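Trainee: Residues or ranges marked as region 'Disordered' in TrEMBL: 1-85, 106-130, 189-216. Look at TrEMBL and you will find 107-118 tagged as compositional bias 'Basic residues'. Residues or ranges marked as domain 'Zinc finger Sec23/Sec24-type' by TrEMBL: 306-344. The annotation domain 'Sec23/Sec24 trunk' is assigned in TrEMBL to 384-630. Summarising the annotation, TrEMBL assigns domain 'Sec23/Sec24 beta-sandwich' to 636-720. Marked as domain 'Sec23/Sec24 helical' by TrEMBL: 732-831. If you look up TrEMBL, you'll see 860-932 marked as domain 'Gelsolin-like'.
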């Protein structure tokens, strides 16, 4: 029997299960929590169903999202914008119509493998039977297909019913989602007529309204998770990465810490190969949590350390089982039976579960921190040492960068200028035990003694930069609270002290080597500013990018560094447990050789903050916020990371910013912080047993900024199925896109950009053609059939091809190198924004948008698609891609809107200050709405600060950036979204017909493909 299949469904998603039906995966016992804080997502009731306006009738007309009715319009009512009749006959006539099926449910066929008893895993307050492994009687129908149209679909479309892990996690941990299929998979099953008639658009033209919409795929789950929690065991499809949600840890790690590309894994390499999807894991081990989530518990097992498997060294976790009355624990990774240490012993009850299980966080939670004893130490752990290296050359002084940087440090340490004079001391920004030091540099190095007893800082000048040493033993690192007066007076005076000196050339490598010497004994974090190419002293750099090698094979050399001095220093930093963040400003847009300088950050696990056209009044606030963020976010240092997986799988590659000297060794980080993610890829070294689950465990050994040595341990479980049809229902689109993007970024130093763009296109076609061929049954040949969980995948890959890292055309190598490394380190949330910005229309806000709803949650307006055809005349739009946030104003924008937003007298575009970076605080309704919306957006992003940049139509250069970010249009040297889908679909049809041109064996693209995730990958044979 062929596997179930599916046509693309966009509109029949929103259906509801009546509350309290047996199909509801959790009971309705959790009370809704009301809250005054309008920005706090609540821990709220179970997903008893989610109804979106109009429900299945959404499929009736193309205009799915009517703009909210305006109470007081900012411009006269306008006729609806006519969709420009783009003539696509030339693209579409040769490929037939792209039809889009609308799914309806089909009757469910019973299979033999349905005859299992399943367990319902409940949250706290539910019966403990779920944990005790007592089989619940009854046929599988009590869980499957009862009043739920979409078992297996995403839980925000309707509750997802995947049978729970049987025997969780007591005896044999096996969960298999049986045959829970999504509605699209019922819709096109072989041997039966398809439920929804495939519609053909405009006689061969694609209707842009009917193609998958990224904003809609984000807005529906966001509304659902405002009122519901995400239980990590009951649901096997995580929310989209950009959706704020409260995770309830039931033993499987929250998707904030770990996301698998496939939450159901095929048993063999051949079955996985038929999907062309990568099998990988995106880990963000120190990811920030949301209010309402339980803090990660810190567990101390004393001198013995946490219990571990003797054979594979996996840490104790919820999926290890206990035997022999509690005397043995069986490893869930390698199945080795270990003796339970006497101090850890507890008896088991008749069903094989420890009697103290619910009191032990390491046996009930997916993510925990273990305190570790001395044998895990490389050096005595101390509070994190922060060393600020401040560029005081002419460019830095003249352009206001030095001012901004000093202000940023004060804001990070003490909360900004306004707090400095008041005697009320706010709470500490750094944990007790953390210390700070300050060094400035131009052609010479200047060290400062900041001891609390001094009236003002003492400056020691180090003119010998050939062989610099650290002239201070005491007073270089001080407690920021004790030495507050000394530090603040120094930072306030620095801009004036060097205003007269003005050395034009900085000596960068000597100052970094001095910093490493100063931190060698303890480890720590360096924060360095730089505003000009370092052309002085040892390690001086020169202009490598003269613009002549762009779009040639030699271009890839500009994205890496062969500089021996920087490579050696990077290695030494990691060995000493030191990491570095750079704040690089190119005030005149000049070349800084970020490929070489940023190599230090990329190797040590740090980050580069880049201001390509730094302008003092406009960018100072962003600079200040980002310094504050880098200092206050959760940071660990001297870190090692190891990822373990079940028998039958092995780690095949790592992608991210770290140091890795041999493949089998641990990953090493000088520092790792809350915003950094790592991609891990797996291959098969055998066959998985479909009766057992696949397990993954990541362990990060690190020292906290407070000076404790810990292991952050996250455990992830996935079911295993014989074929790949099951796996297609549990694909995590964000994880797949992240793995592919990180691999593409890693290839930039080996392959030309053209080859990488070609390989990304091939990859997209392979994945969608594999689905069409193997899993979608009988659909008309002219129909474009997309997997339910990968509907927006094509748009995200198009966003990747259009990103600054990979796009065709001219782009400075500094920009490309910066974005390449950023992609390698981004978590799924930041990457999702980077590949498709969120756009919000301000001129048509409903009066309730931007304020709390009845449950105290902020009501957000719907997003707008990234296309100029959606931009209304006289409109005002926020465009946020996680790196920059633009406020675009149409030339005919209403003067009333401008006054409501910016205040009296600002009634024309020319009256606005082009360099303002925030909105004034006004009493107007619109101003309050927009400030609340910006506050909300700033809470769900990566490491880059949220400040506004004005892009006034016809006036500001930022308008070019606005046009570049409209990724659905034809720009960035690439096709529009519609043309891209047509192009991909044509190649899918060629593949199905066996006519897709395979390049000759010696062509570069094929060899490129063979090294690329899942494109005939070598480790799949």
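Think of each number as a place in line: the chain as shown, counted from 1.
Note: Cβ is positioned from N, Cα and C throughout, glycine not excepted.
No curator has checked TrEMBL annotations; they are predicted automatically.
Context for these features, please: burial, neighbours, distances.
Mentor: Secondary structure of the domain 'Zinc finger Sec23/Sec24-type' (306-344) per DSSP (helix as H, G, I; strand as E, B; remaining residues coil): 6 helix, 11 strand, 22 coil.
Here the domain 'Sec23/Sec24 beta-sandwich' (636-720) returns a mean pLDDT of 94 for the predicted model.
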Trainee: Helix, strand, coil: count each for the residues of the domain 'Gelsolin-like' (860-932), based on DSSP.
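Mentor: Split by secondary structure, the domain 'Gelsolin-like' (860-932) comes out as 22 helix, 10 strand, 41 coil.
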Trainee: Where DSSP helix means H, G or I and strand means E or B, what are the helix, strand and coil counts for the domain 'Sec23/Sec24 beta-sandwich' (636-720)?
Mentor: 0 helix, 55 strand, 30 coil
Trainee: Helix, strand, coil: count each for the residues of the domain 'Sec23/Sec24 helical' (732-831), based on DSSP.
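Mentor: Helix, strand, coil within the domain 'Sec23/Sec24 helical' (732-831): 68 helix, 1 strand, 31 coil.
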Trainee: Any chance the domain 'Gelsolin-like' (860-932) and the domain 'Sec23/Sec24 trunk' (384-630) have 3 or more Cβ pairs under 8 A, given the pairs are 6 or more apart in sequence?
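Mentor: Output yes: the domain 'Gelsolin-like' (860-932) sits against the domain 'Sec23/Sec24 trunk' (384-630).
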Trainee: If we skip the immediate neighbours and take only residues 6+ beyond the ends of the domain 'Zinc finger Sec23/Sec24-type' (306-344), which ones have a Cβ under 8 Å from one of its Cβ atoms?
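Mentor: Sequence-remote neighbours of the domain 'Zinc finger Sec23/Sec24-type' (306-344) are 169-173, 251, 299, 352-354, 362-366, 370, 372, 644-647, 693, 695, 697, 699, 711, 713, 715, 717.
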